[in-house]
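Each remark here refers to the structure printed beneath this line.
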């Protein structure tokens with residue numbers, strides 16, 4: 001019998017056992033207690049990181065050092081000696097990044113990282129088979145995502161041109177090699193070392209250096225060019241509270257119902273032989289749903305930690321509320337109430353979806369995208385047979401769902417009632433399909449999963465294959481033709497009634513993640529939406545209601561169909577516009593119009609806030625200057641009044657008479673002729689007092705003039721000069 005190596009002891013947790021007493025008290029295993037202690041500590045440390053270690057107060061080096069130090073401490077506390085792998089994998093990959101040619105660095109890093117991860121997966125499977133204890137493979141899976149995505153971003157930035165990149169690839173491209181401190185801080189930062197989510201390198205560096213709140217983020221990887229306007233930093237408090245409360249609710253639901261629907265009972269002979277088909281489907285659906293709430297709890301808490309440190313801001317919604325979903329891993333309600341597999345996949349493990357899209361789906365021929373994406377996802381999870389059964393089944397049902405949607409959906413869009421019926425029906429079907437496809441993922445075993453599938457009579461497998469290969473021969477679905485502008489589709493129903501069936505829509509064909517090729521038109525160019533402006537969009541329309549339809553031509557994958565460019569716009573063909581918003585690059589682009597609207601709303605919100613600040617400064621400066629000028633005028637009026645009674649005099653002295661000429665003239669005159677004019681005998685009685693008063697007022701006026709001349713330009717130039 002194989003004996004486990006020193007750093008892997010069978011049925012033995014290697015992390016700290018300091019809080020064993022607390023684990024016994026609350027009824028949880030010590031590994032889960034350690035995990036919760038670290039995450040709760042990270043939540044409070046994140047607040048300190050955002051406030052006391054704000055980029056305006058400390059250097060980026062200090063922020064990097066603090067983040068990676070706390071991350072390493074958490075890793076050692078939770079995993080003990082196994083934490084050596086947290087250091088080993090990224091260290092080897094960093095050597096590869098620094099030594100290999102950028103033309104092949106992405107492949108080399110992917111090979112090294114996946115090989116290291118698979119070795120650890122294999123050792124865990126050999127020496128701790130079927131264990132659900134917290135182990136080192138979880139953090140290693142996140143680290144693998146980080147180092148491989150960084151390598152591909154370096155390849156995109158150093159080797160490929162902008163015209164070859166998708167919108168997301170342009171945004172994440174890195175053209176400056178990371179230093180050792182930046183690299184290891186990115187890999188080990190405490191916010192995501194235990195449970196994710198995946199943060200792309202560029203987003204993390206901009207967050208640490210304080211550029212993540214700039215109104216005009218750079219479109220390339222040169223993070224050191226930073227003369228840009230800073231917007232007001234929004235508070236993440238509401239988002240953090242909402243996600244922490246949601247995490248607690250999900251933890252309660254998991255603890256409450258996981259004992260009612262234990263997954264292990266599905267392997268028992270009594271369940272397989274003595275229960276009805278309907279109950280089997282119901283139990284599979286409920287058991288997998290309960291397990292999902294464990295992931296909801298971990299992901300929501302991890303997202304709250306990132307938000308509390310200031311990471312994750314993406315702009316404002318239509319009501320002006322700040323949005324903190326840049327790196328969110330889950331949308332619970334959107335997933336649980338999704339009406340098709342595409343929406344379900346897009347809202348589950350979003351960080352991994354973005355990673356798979358970046359590494360695989362956008363870089364391989366379109367016809368192989370789904371298969372290769374599911375294959376990498378399965379290998380990344382490990383060697384348990386249940387993973388491969390789930391992803392193989394998922395690939396089949398995803399393809400069937402896309403075909404079925406094309407065949408049937410348009411038939412239910414005539415009235416509001418039929419649309420509602422279709423949505424409810426597809427929501428229920430999606431729930432059943434998810435339970436059917438994902439129970440092998442939690443069972444892990446091959447034979448147990450196969451036996452249960454046979455008890456299901458492979459119903460959904462058969463229905464999926466029939467939907468893919470047989471139904472299209474008998475049922476005519478929607479036919480799609482590309483419009484002349486390259487951005488829209490014309491849907492043609494198979495019924496032949498073009499008046500009622502023809503509808504125009506703008507749909508994204510960018511690569512969807514983790515097998516998300518549910519875009520119903522395979523012939524659409526998935527990079528077409530990456531062009532912000534194209535010459536075809538500038539051509540005059542033939543009429544206000546006229547749509548020109550072109551027959552689709554066969555083209556290789558990733559080839560754009562372009563019209564002849566106009567002479568006045570040759571530059572638009574040469575270079576694609578960089579993305580202007582982080583959200584454009586990280587979101588799964590179902591709908592490009594929605595992405596453009598979000599970017600526009602963010603820009604409008606920032607402009608509105610900036611305008612309010614400018615108006616406030618204008619008002620403040622105007623009132624200040626007006627007050628100073630009025631004070632000056634008042635003093636001048638006092639000086640130029642015709643009479644001024646001086647102390648000790650018997651009467652008023654004329655200060656603006658024809659023979660006096662005012663206080664200034666009298667002062668000057670008294671200096672030059674020493675008061676010999678008989679017409680000024682009264683004034684000559686007190687020449688020292690008069691000279692002192694004039695000198696004092698003259699000095700005050702000169703000081704005020706100097707203040708006005710210096711203060712007004714200084715105030716106006718303090719970020720407010722037009």
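Numbering starts at 1 and runs along the chain as it is shown here.
Placed from the backbone N, Cα and C atoms, the Cβ positions cover glycine too.
Here is what Swiss-Prot records for this protein:
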type	residues	note
TRANSMEM	25-45	transmembrane segment
TRANSMEM	62-84	transmembrane segment
TRANSMEM	104-123	transmembrane segment
TRANSMEM	180-200	transmembrane segment
TRANSMEM	243-263	transmembrane segment
ACT_SITE	349	active site
TRANSMEM	378-398	transmembrane segment
ACT_SITE	381	active site
TRANSMEM	424-444	transmembrane segment
TRANSMEM	452-472	transmembrane segment
COMPBIAS	485-511	compositional bias 'Polar residues'
REGION	485-582	region 'Disordered'
COMPBIAS	549-570	compositional bias 'Polar residues'
REGION	650-687	region 'Disordered'
Folded-back contacts onto the transmembrane segment (62-84), same chain, C-beta under 8 angstroms, at least six residues removed: 6-8, 14-16, 31, 34-35, 38, 41-42, 45, 49, 53, 55, 134-136, 139, 181-182, 184-185, 187-191, 193-194, 208
Would you kindly give the Cα-Cα distance separating residue 381 (active site) and residue 349 (active site), rounded to the nearest Å? 13
Name the range, of those listed as 180-200, 243-263, 424-444, that has the largest tally of Cβ pairs under 8 Å with the transmembrane segment (25-45). 180-200
Within 10 A of the CB of residue 381 (active site), the number of other CB atoms across every chain shown is 19
Counting across all protein chains present, how many other Cβ atoms fall within 10 Å of the Cβ of residue 349 (active site)? 21
